[in-house]
Amino acid sequence: MANVAKKVSWSGREQLEEDGESTPLLNGTSSAGAQPLRQQYSSPKLYRIGQLSTVDLTDENQELEETELSTTFTKEIPHNENLLSLKYESLDYDNSENQLFMEEERRINHAAFRTVEVTRWVICGMIGIFTGLIACFIDIMVEKLAGVKYQVIKDNIDKFTEKGGLSFSLLLWAALNCAFVMVGSLIVAFIEPVAAGSGIPQIKCFLNGVKIPHVVRLKTLMVKVVGVILSVSGGLAVGKEGPMIHSGAVVAAGISQGRSTSLKKDFKIFEYFRRDTEKRDFVSAGAAAGVSAAFGAPVGGVLFSLEEGASFWNQLLTWRIFFASMISTFTLNFFLSIYNQKPGDLSNPGLINFGRFDTDENSYQYFELPIFMFMGAVGGMLGALFNALNHCLTTFRIRYIHRRFLQVIEAMLVAAVTATVAFVTIYYSTDCQPLRQDDTDYPLQLFCADGEYNAMASAFFTTPEKSVRRLFHDPPGSFNPQTLGVFTILYFFLACWTYGLTVSAGVFIPSLLLGAAWGRLFGILLTIVPNGVSWADPGKYALMGAAAQLGGIVRMTLSLTVIMVEATGNVTYGFPIMLVLITAKLVGDYFVEGLYDLHIKLQSVPFLHWEAPVTSHSLTAREVMSTPVVWLRRREKVGVIVDILSDTSSNHNGFPVVENTVDSSRPSRLCGMILRSQLIVLLKHKVFVERENLSLVQRRLKLKDFRDAYPRFPPIQSIHVSQDERECQMDLTEFMNPTPYTVPQDASLPRVFKLFRALGLRHLVVVDNHNRVVGLVTRKDLARYRIGKNGLEELDLAQT
C-alpha cells in the first residue's frame, strides 16, 4: 500500500481515503470497468485512479481538510476511463425562484430591465476589447521573442557553416528552445495546472455545466498568456490560437462579475449577473471572441461557441456574442495596424492570416470534388490515428508522469528533440530553391549555392503560422515532394507528442500545418504523374489538406467551414471545404472520437451530450435516481443542518425540503429545494427563528448577501455554531425554491435526460404519485450511461 502524493487533474482537488474505507457508489460495483445493465451489485468500493498534474490546494475547505488527510493512504489502481469521477460538481444553470428572487424581480420595472439588457451589451463589448488586446499582446510578444531567437540561431549557423562545427549551432538551438519551454512549463506545473493545453475541453465542460476549479480565474489567464508565448517561441509544434478561446472565456467570466476574487477586489458593479446562468452566457461570448481574435472570423466564432462550446443557447444571446466577436477582431486589427506603423490599415483581422486565395488562379473544377472528398477521408484516418496515439500517450502520462518536475522535464525533452529533428532534417536536406524577394524572414543557406535557400528550413525554421502561409501561397516548385513527405511524417509525431504536455498550447495550427504539408504534396503528385494535370494547384490542395487534417482531429464541421472561408477571404471554397470536413468527421468518427472528447473522457468528467443513449428507453427514473435522499423539513433544527453539511461521506449539494411531520422517518410531500450554498449563507448570518423572535437579527437577509458570497462560498468548517444555537430552528420557507422541477418515478431515461439537459439543471427530484420524494437525479446519474461495445453500459462512479 503506497503513500500517494497530491495528484489531481482538472479538478485541482486532493482525494485521499483511509486504507480499507469504502464509500458507496451510486448503483456502482466493485469492478473497475463498465458493467452491463441490471447486474446485481455487491460490496461497493471506492476507487482512485491516476491523475494528470498537480496543484496547490487553495480553496478554504481543502486547506481545512489537508492536515487531517496528510497521513492517510489510498489504494491506487491503473487509470481506467470506464470510471466516472465523483469529484466534479455541477454548476446550477437554473435560477432558484425563492421569495427573495421573486421580490427582487417584481421590484424591477420595465426601464430597469432595459438597463440590465444594455448592461449585457456593454459587458460583451468590453469582453471583445480585452480579448482583442490580449491577442495583440500575444502576437507581438511571440513575434519579438521568436524573431530574436531565430535571428541568433541563423547568424550562428551562417557563421559555423563556413568554419565548421555546426554541432554548436544545434546545441544553441536546443538550449534556447529548452529555456523558453522550461519557464513556460514551470509556471503551468507549479502555479496553475489547469492552464495547460488549449483549454477548450475545460471550457466545453464549464459550458456543459461541470464546475472545473480554477478554470476561469485571473491567475489562470496570466499563466495561460505567458505560457503560450513561451511555448510558441520555444519552437514546440503548437499554436497560439487555441488558448485564445480559453483566454476569452476567462476575460468574460471576470468582467461579467464586476470583481476579482483572486485580487479580493470588488468594484460593486454588475452584481445582478453574479450567478451561474449569467456567467455561462458571457463565457460563451468570451469563447467566441477568442476564436474571432485568433482567426479573424467573427461569424466562425459564434458558430464555434454554438457547435463546440455552448450547451445551452437562446436567440437573444446570438447577437450579443456576434457583437463581442466583431469588437474582438476589430480591436486586434486596429492595434496591430498601429504596431505595424500602418494606422488605419485593417488588414490583420486575426492572429493567423491565411492570405487571400485568388479565384482566378486557384479555382476548382466540378470533377475535383471527389478528389477533395478523398482528401477528407485521408484526413479523417490520419486524424483518427493522431487521436489514438495521443490517447495512449496521455494515458501513459496520467499513470507515470504525474509529478511536477517530471512534467517539466518531459516538456524540455520534447523541446530539445524538436530542435534536433528540425536541425538534422535541414542539415541533410538537398532541396535548394532560388531566393525570392518576398521569401522567408530567416532564409537558411547552409550548403546551398549563393542566391538559394534551404526549403526544409522554410517549414521548420519559423513559427507555424508563417509555415502554413508559405505552404498555401508559395508558387509551384517551391518544395520538392521528398521535403514535404519527410516534414509530414516527422511533424505528425512531434505534434502528437507535444499535445498534452504541461504547457499552454493549442492544436489548431499544428493540425493546419500538417494537413497543408501533405495536401500540397498530394497536389504536386497530381502534376508529376504520367499525363499530369495542369489544374492541380498545390496551394489549393494545401488548403483542402489543412481543412481535412484539422477536421479529422477536432471533428468540427459547421464552425470550421466558416472559419476557413473567413480566414481565406474567398467564399468560393465554402462548398469543397464543407465536403472535406464532413467526410473527415464521418471517417474519423468510425474509428475514434474527436481529440477534445477523448481528453474529457480521460479525465472522467460527467459530460452530458446532446441526447441520451439511443437504447436507453427501457430505463426509468426509478432505476437511475440516487437513493436514499437526504431531505430537510421546512422548519429544521440548526444542529441537523450542520451535521448534514459536515458529513464528508455524502457531500450533497442540494436538499429537497418537505412538509413538517410528526413521523420524521417517513418522507413527506415535497414543498421545495434548497442548495448547500444557501444553507451556508444562512448559517453564516445566523438566520434562526429564535433570534428573529427576539429581534437579534439586525436586518432581513437579501439576495445581495448570496451574490456577495458567490462563487466561493465558505466551507461549513469555517462557520462556528454553539451548542445552544444547535438547538435553534431555521425556517427555510423564504429561501428555498418552492417550484423545483420534478419527474415521476416511471419517467423514461431519455425524457429525464432531455429535461435535465435542456434546462441546465443541477438536481431533479423524483416523486411518487403522492408527490413524496423517492429519489434525486443528478448529472452523474445520467452521465454514467453510454453506448459501449456491448450496447448500453453503466460506468462505475469513483473518487478519481
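Every residue gets a Cβ built from N, Cα and C, even glycine.
Computed from a predicted structure; not experimentally measured.
The compositional bias 'Polar residues' feature in TrEMBL is assigned to 24-37.
What TrEMBL lists as domain 'CBS' is 625-690 (among others).
According to TrEMBL, the domain 'CBS' annotation covers 736-794 (among others).
Per TrEMBL, the feature region 'Disordered' maps to 1-37.
What TrEMBL records for 121-142 (among others) is transmembrane segment. Distant neighbours of the transmembrane segment (121-142): 221, 225, 228-229, 232-233, 240, 244, 247-248, 251-252, 255-256, 270, 273, 282, 285-286, 289-290, 292-294, 320-321, 323-332, 335-336, 339, 351, 463; these residues of the same chain sit at least 6 beyond its ends, with a Cβ under 8 Å from one of its Cβ atoms.
Among the features that TrEMBL reports, transmembrane segment is placed at 170-191 (among others).
Sequence annotations record features per position, and here TrEMBL assigns transmembrane segment to 221-239 (among others).
According to TrEMBL, the feature transmembrane segment maps to 282-305 (among others). Only residues 6 or more beyond the boundaries of the transmembrane segment (282-305), in the same chain, are considered here, and those with a CB under 8 A from a CB of the stretch are 123-124, 127-128, 131-132, 134-135, 203, 206-207, 216, 240-242, 244-253, 255-256, 273, 313, 317-318, 320-322, 324-329, 331-333, 348-353, 508, 556, 558-560, 562-563, 565-567.
Residues 120-121, 124-125, 127-129, 131-133, 135-136, 139-140, 248, 252, 281, 284-286, 288-293, 296-299, 301-302, 305-306, 310, 345-351 of the same chain lie 6+ residues outside the transmembrane segment (317-339) yet bring a C-beta within less than 8 angstroms of a C-beta in it. The transmembrane segment feature in TrEMBL is assigned to 317-339 (among others).
Marked as transmembrane segment by TrEMBL: 371-393 (among others).
Positions annotated as transmembrane segment by TrEMBL: 405-430 (among others).
Beyond its flanks by at least six residues, the transmembrane segment (483-501) meets 185, 196-197, 236-238, 382, 386, 389-390, 393-394, 397, 407, 410-411, 414, 417-418, 421, 425, 429, 431, 455-456, 459-460, 507, 510-511, 513-514, 517-518, 520-521, 524, 595, 599 of its own chain at Cβ-Cβ distances under 8 Å. Summarising the annotation, TrEMBL assigns transmembrane segment to 483-501 (among others).
Per TrEMBL, the feature transmembrane segment maps to 507-529 (among others). Packing against the transmembrane segment (507-529) from elsewhere in the chain are residues 198, 237-242, 294, 352, 371, 375, 378-379, 382-383, 459, 464-465, 467-468, 471-472, 476, 479, 481, 484-485, 487-488, 491-492, 495, 498-499, 536-550, 553-554, 595: each is 6 or more residues past its ends and has a CB under 8 Å from a CB in it.
Summarising the annotation, TrEMBL assigns transmembrane segment to 541-565 (among others).
Marked as transmembrane segment by TrEMBL: 571-592 (among others).
Remote same-chain partners of the transmembrane segment (571-592), defined as residues 6 or more beyond its termini with a Cβ less than 8 Å from a stretch Cβ, comprise 357, 359, 363-364, 368-369, 372-373, 375-377, 379-381, 383-384, 387-388, 391, 543-544, 547-549, 551-553, 555-557, 560-561, 564-565, 598.
Tertiary neighbourhood of the transmembrane segment (371-393): same-chain residues 364, 492, 495-497, 499-500, 511, 514-515, 518-519, 522, 526, 541, 544-545, 547-553, 555, 576, 579-595, 598, 602, selected by CB-CB distance under 8 Å and a gap of 6+ residues from either end.
Across the domain 'CBS' (625-690), the DSSP tally of helix, strand and coil residues reads 20 helix, 18 strand, 28 coil. Long-range contacts of the transmembrane segment (541-565) within the same chain, counting only residues at least 6 positions beyond its ends with a Cβ under 8 Å from a Cβ of the stretch, are 291, 295, 297, 299-301, 303-304, 306-308, 354, 357, 372, 375-376, 378-384, 386-387, 468, 471-472, 507-508, 511-520, 522-523, 526, 571, 573-574, 576-578, 580-585, 587-589, 593-597. Among residues of the same chain six or more beyond the transmembrane segment (221-239), those with a C-beta under 8 A of the stretch's C-beta atoms are 134, 137-138, 141-142, 145-146, 149, 173, 176-181, 183-185, 187-188, 191-192, 195-196, 199, 246-247, 250-251, 254, 352, 414-415, 418-419, 422, 463-465, 491, 494-495, 498-499, 501, 503-510, 512.
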